[in-house]
Amino acid sequence: MMQVLSIQNCATTKENPSSGKLIVLTGPSGVGKGTLMRSLLQRHPELYYSVSATTRAPRPGEVNGESYYFISRNKFEELLAQGEFLESAEFAGNYYGTPREAVLNQIQSGKLVVLEIELAGARQIRASFPEALSIFILPPSFEELEKRIRGRGQDSEEAIARRLQRATEEIQAADEFDIQIVNDDFEAALQAIEVALFG
């Protein structure tokens, strides 16, 4: 049985949350992280989902403040310089970052906080919060991943090639994370995440 550990002795951060729990969900673009996260939150409203900030344009159906905080590059760089992000990374030419204050407040109040972030950001979180539980979502195959990315119909061939190259590199990092879950059968993958979080 998997147990999610409380965050304690975060020696590499100024903050020292001791009562909450931090969960990091990551994996390559197109693997289904967002869909899994949405379903997880629908089933477990007690979870606190940290909404990331990004400089990329909204995709169809995305809502500002729910899917992401959509902000300008200048605003992002200003917040970054002020130390307002717990982690930040650049992906496909856009910045992504996790607002620091909201996450730390929720952890300190005893909440289970879940982050859905890119690999570079997940590595930053692991360095700052070694007690965090990290979950890496894998595709059933590289061919399926390419099919999913192409199925979005949003990227040029050049952008797709970049995403696939990056995915190859990211998949090689899966073993760095506490748990690896293959998103082949959606319901099974979702249940595996629930077991990791709740036992």
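Each residue, glycine too, has its Cβ placed from N, Cα and C.
Note that the structure is predicted; figures quoted are calculated from it, not measured.
What Swiss-Prot annotates here:
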BINDING   Gly27, Pro28, Ser29, Gly30, Val31, Gly32, Lys33, Gly34  ATP binding site
DOMAIN    20-198  domain 'Guanylate kinase-like'
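Structural mapping of features recorded in Swiss-Prot.
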residue : record           : Cβ neighbours (10 Å)
Gly27   : ATP binding site : 28
Pro28   : ATP binding site : 26
Ser29   : ATP binding site : 21
Gly30   : ATP binding site : 22
Val31   : ATP binding site : 26
Gly32   : ATP binding site : 19
Lys33   : ATP binding site : 20
Gly34   : ATP binding site : 14
Exercise. Taking the centroid of the Cβ atoms of Gly27, Pro28, Ser29, Gly30, Val31, Gly32, Lys33, Gly34 (ATP site), which other same-chain residues have Cβ within 8 Å of it?
Worked result: Ile137, Pro139, Leu145, Arg148, Asn183
For this session: Quick one: average pLDDT across the domain 'Guanylate kinase-like' (20-198), no decimals.
Result: 93
For this session: In three-state terms from DSSP, label Gly34 (ATP binding site) for me.
Result: helix
